[in-house]
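Chemist: Have a look at this one.
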Amino acid sequence: MSSGGLLLLLGLLTLWEALTPVSSTDRPEFCELPEDSGPCKGLFHVFYYNPDQSQCLEFIYGGCYGNANNFKTIEECKRTCAA
């Protein structure tokens with residue numbers, strides 16, 4: 001196969017991987033953590049993955065501490081945690 005064909009195949013495989021949903025076995029453990037606003041008083045609209053509802057939901061983040069189940073965009077949340 002030519003190098004151009006290999007590059008095309010590599011690009012298609014990369015795209016396939018990016019578009020394939022995350023399965024529950026591949027989901028990072030932090031996706032199971034509850035929403036955590038943290039102790040600070042900010043009002044940041046962010047998203048977390050809710051494993052009981054199997055979807056990303058919005059919550060208010062205070063701006064400090066909290067946990068890793070905290071995403072700036074719903075797209076990032078879905079890409080990381082949603083099955």
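Cβ from N, Cα, C; glycine included.
Per Swiss-Prot, the feature disulfide bond maps to CYS31-CYS81, CYS40-CYS64, CYS56-CYS77; the stated evidence is sequence analysis. What Swiss-Prot lists as domain 'BPTI/Kunitz inhibitor' is 31-81. Per Swiss-Prot, signal peptide is recorded for 1-24, and the stated evidence type is sequence analysis.
If you look at the structure here, what lies around each of the features I listed?
Modeler: Other Cβ atoms within 10 Å of the Cβ of CYS31 (disulfide bond) number 20 in total over all chains.
For CYS64 (disulfide bond), the same-chain residues lying six or more positions away in sequence with a CB closer than 8 A to its CB are GLY38, PRO39, CYS40, GLY42.
In this view, CYS77 (disulfide bond) is surrounded by 23 other Cβ atoms within 10 Å of its Cβ, with every protein chain counted.
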Chemist: For the disulfide-bonded residues CYS40, CYS56, CYS81, work out the Cβ neighbour count at 10 Å and name the residue with the minimum.
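Modeler: Per-residue Cβ counts within 10 Å for the disulfide-bonded residues CYS40, CYS56, CYS81 bottom out at CYS40.
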Chemist: Could you tell me the mean pLDDT over the domain 'BPTI/Kunitz inhibitor' (31-81), as a whole number?
Modeler: 97
Chemist: What Cα-Cα separation, expressed in whole Å, is found between CYS81 (disulfide bond) and CYS56 (disulfide bond)?
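Modeler: Just about 8 Å between their Cα atoms.
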